[in-house]
Structure formats: structure tokens, C-alpha cells
Amino acid sequence: MSTLERIEHIKESGGWLDRYQHDSTGCRCRMTFSVYLPPQAAQGPVPAVYWLSGLTCTDDNFRTKAGAQRYAAELGLALVIPDTSPRGDGVPDEPERYDLGQGAGFYVNATQAPWSEHYQMYDYVARELPALVEAELPLIPGLKSISGHSMGGHGALICALKHPGAYRSVSAFAPICHPTVCGWGEGCFGAYLGDDREAWKAYDATELVAAGAEPIPLLIEQGTGDEFLPDQLYPQDLQTACNARGFPLTLRMRDDYDHSYHFVASFIGEHLAYHAAALSKG
Ligand SMILES: N[C@@H](CCC(=O)N[C@@H](CS)C(=O)NCC(=O)O)C(=O)O
């Protein structure tokens, strides 16, 4: 019997945008995620692009604002869109803060109480969810790429850097590139991982590159009008770490674009085409 409960089923661009709930063993709560299956999935399994969203988001922001499904339909790609944190009444939260707790899981495995019981988002997006959707849905096992926005861009980068060979390609929009030194990252890492800043580096793209992560090309899109660029994102730190090692990074600075999904929507087609090309190689 399927462990997935389908709660929405919407036809879009010839394919199906579905929403599921399931009991997560790692996050110990009911989790919601969305999947777009392109028309090609009716004929047989397709490759998948995972999308990790940013602070305050659920699985709904990307699927309603980015316009990605039309491109995914043309390219024959599934989109797998998890939530950004564990959810529910029994899950710790800081309701007065948008940048800690529910909606702000930061894609780490928390080690500190009270967060550690549910906030296991790294294992959820990198292991539990892929195993689940590959077993239950028409996806080609192991054929996947990953992208994301802001906190989710950070998540995409660390998933690819920490799992050599697991993803055919990785890209990110306005990612938090050096979370151990920015306000958002320090707030969450301190709460979820404790005071030992050395432990934080295992979830920091800049630090992972500097520490010798296996090379995989990184594609990053960044707007110059992004209100969070000066204080939170630090792509220049990742670029410095990549330059020092000859690590492959394409950092595309886009004049005037802000941090919003208007920026994501402007370039998501290019990113999905990039992933489709990587996923179609033998
Ligand atoms: N201005 C936002 C800051 C958080 C934010 O900008 N979140 C981005 C990701 S870091 C986002 O995707 N928001 C949801 C949306 O634009 O739909 C707030 O105060 O809530």
C-alpha cells in the first residue's frame, strides 16, 4: 500500500501537478510536498529536478510563482518540491520570527533540543524524499538534479557538494552562499546545531568547497538589485573559495533583478534546460 496520500491533482501544461502528504520517519511529522509530472511521464519514468524553496515558503510558492511547469513539460522533467521545514502543532516554532523554526528548516539535521526531534531537513530532502518518490512515482531512480532559491539555493548547493555523484547538476538562485557568517545562517545554525561553529561548516557551501569537496559545476544566478545581497548571500565568498581551488563556478550577475520570484521566473527556463541537458547524458 502506498504511503503517499494525494491531496491535490491538477492538470497543467499537459501533465499533472500533484500534492502529497506522508508521515516522515526522519522529521517525525506529517509532511507535504508537490510533484509536477510532465506529459512524458504517462509513457514511462522521467528524470527529476528537485526544487528547494526559501525562508517563509511552503511547496506552494514555487509551483504558483516560478512558471516552471511549462518548461518542465517541454523538457520532459518532473519537478519535486518539498516543504521548507517540518510542520504541525507538535513541531517547535518561533511564530514571531520568519527566519527560525517552521518555514526555516535551513536543510540541516538539527542536533540541539528542542529542534532535533523534528528538524532533520537535510536527510529528508537528500535521502528520505528521493527514496519515497522514486519508489512510488514514475521517476527514473537516481536520475536527478537539484536547484533552489535563497535558503533553498544554499540547500541545493550543499546537497550536491555533500553527495558526490548523487545529482547530475546543481544550480541556485540568489543562494545563501556562506551561511556561517550571515545573520540568517548564524541564527538558524546556532539554534539547530549549537555553539560549535566548526560543526556549522558541514552545511556551508563556501566552507565545503574550501575543505576540498569533489568538484561539480555550480551554476548561480544572482540579481544585482537583490535587497539581501549585501548582508545575507555572499556569493563573492563562494567565488573566492572556488577560485582558490579552480572549482567550476558560473556566477551570473543579472542587472537590477531583486530577490523575489519575479527573478526566479525570469531565468527558471534557462536553468531547467541546463538540468535537462545534464540529465539526458548517458
Ligand atoms: N521579505 C520576506 C523575507 C523572506 C523572503 O524574502 N523569502 C523569500 C525566500 S528567502 C521568498 O521566497 N518568499 C516567498 C515568496 O516570495 O513567495 C519576509 O519578511 O517574509
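Note that Cβ sites are derived from N, Cα and C of the backbone, with glycine treated the same way.
According to TrEMBL, the protein carries these features:
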ACT_SITE  S150  active site, charge relay system
ACT_SITE  D226  active site, charge relay system
ACT_SITE  H259  active site, charge relay system
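Per-site Cβ counts within 10 Å over the active-site residues S150, D226, H259 peak at S150. H259 (active site, charge relay system) and D226 (active site, charge relay system) have their C-alpha atoms 5 Å apart, to the nearest angstrom. Each residue contributes its Cα atom, and for D226 (active site, charge relay system) and S150 (active site, charge relay system) those atoms are 11 Å apart.
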